[in-house]
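*Asks:* Features from TrEMBL:
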| type | residues | note |
| --- | --- | --- |
| DOMAIN | 81-516 | domain 'Major facilitator superfamily (MFS) profile' |
| REGION | 522-547 | region 'Disordered' |
| TRANSMEM | 145-164 | transmembrane segment |
| TRANSMEM | 176-197 | transmembrane segment |
| TRANSMEM | 203-223 | transmembrane segment |
| TRANSMEM | 230-252 | transmembrane segment |
| TRANSMEM | 258-277 | transmembrane segment |
| TRANSMEM | 345-363 | transmembrane segment |
| TRANSMEM | 375-396 | transmembrane segment |
| TRANSMEM | 464-485 | transmembrane segment |
| TRANSMEM | 491-511 | transmembrane segment |
Amino acid sequence: MGFEELLEQVGGFGPFQLRNVALLALPRVLLPLHFLLPIFLAAVPAHRCALPGAPANFSHQDAWLEAHLPREPDGTLSSCLRFAYPQALLNTTLDEGQSRGELEDEPATVPCSQGWEYDRSEFSSTIATESQWDLVCGQKGLNKAASTFFFTGVLVGAVAFGYLSDRFGRRRLLLVAYVSTLVLGLASAASVSYVMFAITRTLTGSALAGFTIIVMPLELEWLDVEHRTVAGVLSSTFWTGGVMLLALVGYLIRDWRWLLLAVTLPCAPGILSLWWVPESARWLLTQGGVEEAHRYLLHCARLNGRPVGEDNLSQEAVSKVAARERVVRRPSYLDLFRTQQLRHISLCCMVVWFGVNFSYYGLSLDVSGLGLNIYQTQLLFGMVELPSKLLVYLSVRHAGRRLTQAGTLLGTSLALGTRLLMSSDMKSWSTTLAVIGKAFSEAAFTTAYLFTSELYPTVLRQTGMGLTALVGRLGGSLAPLVALLDGVWLLLPKLVYGGIALLAACTALLLPETRQAQLPETIQDVERKRAPTSLQEEEMPMKQVQN
């Protein structure tokens, strides 16, 4: 008897599992609130050099501003330079033998030496406009780097949480993630310098990595084969809810400190909710925790209304399953590369996750140039994720995980590539393609979590998720910096995003299919070849499909 048979006895999908999905919804909502927060937190409003005696109306471009600020090639007043000497009296000081054009060909300009004035009609405060920070012009790289620091923290945290949750349990490390996110988020909101902000946001990213690594496997390890897809897609809709909620919260709260506080405080009720979150019985059995696993299984049976008691599900029966699945040696990241099949899976998943994260955040963090304001764009990007969930649900059931993963990444790449062909006056087409690309990239993200969780065995599932998430967050951390390549060529960032997505799509085709396969428990389960199932078999109850 294996764990799947135990789960069949107590109920592989019922009130117990639905309660588990509901309790783990909060981390799913919190993740996009933090991951996409730079859209509002680091927004750069219109700005110009601070000039003594400047008109009170920021948008009033009168002769006084013309005399102090040069114009950019597109005709707008410069945001980063001012004239070394005011040009207001130019007409009265010109020599009769000297033309006006001769003096204006190369006017002397200097950087803003007295700070900047910001248009505060949309944002009362962002990290870019924070007093003494001024992350604009020559310092704009630090503004982009804040996102990179954050995702670097997520990268490091993914490794730590992946290893530690396989060793000490999913539930304990989820508590650590909640408490750390709450404390570090509050510290970030109280930052008194950019250095303090960068450090605390990096550490916050490390704490949030626990949510990305633990939540999905903790849900899947209590689900039977038939319902993994629907539960996985259902739980991913909470991410979409968080994306849309961010548009509302960002619209209502225009100060970055209060905004950061608003997306951090929900961790407090999340900590309390862990009282009802069960530990993974699969993991407990691999660690020899027979008594605790037995208690959780009986609780699952009671909530699901199954007539299972101490007689039907004895601790001795559970012990036999534990003896079969118990891990003698502690897992390590080296185990992911010791055997041929696991090595192949790990290398391919690393490329796929890099491409998924790189293209998703490249699209999500670029909300400019779409003909909509920042709030409308964020809401639209969130709404388009809902039909992408339906696409994933239907596709993974009928086409399989592998083709769905490759197809969604290919769709992302094609949308980005086609945008390169759009001229500047075809803004509506460019916006449409950006929305389509966002839908495909979200579908790729949803599939990646489900697919990867099914590829790794229980003894290494969190470790494997940690490794792939590490590489994925590397892609997420590089995505904001690649946006700076528009200074080399305006279309270069989109070309890079699309090219990486195409590479990831091709790599996904090299992974084994997991449709309607049991979750592997040990490394030996992964190394055995999976027998393909027909579409007719998939629609049959799993009891008939399994040999």
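In case you wondered, yes, glycine gets a Cβ from its N, Cα and C as well.
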*Asks:* Residues of the same chain, at least six outside the transmembrane segment (258-277), with any C-beta under 8 angstroms of its C-beta?
*Replies:* 19-20, 23-24, 26-27, 29-30, 33-34, 37, 40-41, 171, 174-175, 178-179, 181-182, 185-186, 188-189, 218, 246, 249-250
*Asks:* Between the transmembrane segment (375-396) and the stretches 145-164, 203-223, 230-252, work out which stretch tops the count of Cβ pairs under 8 Å.
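*Replies:* The stretch with the most close Cβ contacts to the transmembrane segment (375-396) is 230-252.
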*Asks:* Express the predicted model's confidence over the domain 'Major facilitator superfamily (MFS) profile' (81-516) as a mean pLDDT, rounded to an integer.
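*Replies:* PLDDT averaged over the stretch: 82.
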